[in-house]
């Protein structure tokens, strides 16, 4: 099913208001994800580790220097990192990362003031127990890598919910625009319904959304 130029423009304009934090220790995968999100007109910030993500969100405690000399002023003492002023509407993270894993990051986010921000987890391995753990831990989606443009169409409803939860309610015109974008997404899903089933995560007794 063809998506018209007008529908595509509407979707791009709608996406541009959203800021996605992408987390992946693989430079290749990170660059690919950044390109896909940018092509989809999202604002995107990429970091290479769970630590960097927590720091960006203001959730990483910077330990005080126990060996600080008396000559240092209090202004130079390490303090808690501060939350970024730029708003984050969605976090998408790789599962398998050294140090803080994607699951660890998910749990830290869900136990913080960012708990209502949607978190999407990615992995190159289709492991049911891993998918189940992340979904039960609060993940909105579990995507198999490499992520594709059709995978990103799943983000719209979560981003819209994020806007409703964290910003003012949508006015009439914005709601009409959101409805139009949802129609575009629905058409895309119909057009890509023939996606090979082996790309679709399966978890016994748990529904995982697919294209």
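Cβ atoms here come from the backbone N, Cα and C positions, even for glycine.
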Given ranges 124-167, 168-211, the stretch to which TrEMBL attaches the annotation region 'Disordered': 168-211
Those residues of the chain, 6+ apart, with a Cβ under 8 Å from that of residue 94 (4-aspartylphosphate): 23, 24, 25, 26, 29, 102, 121, 122, 123, 145
Secondary structure content of the domain 'Response regulatory' (19-160), with strand meaning DSSP E or B: 52 helix, 24 strand, 66 coil
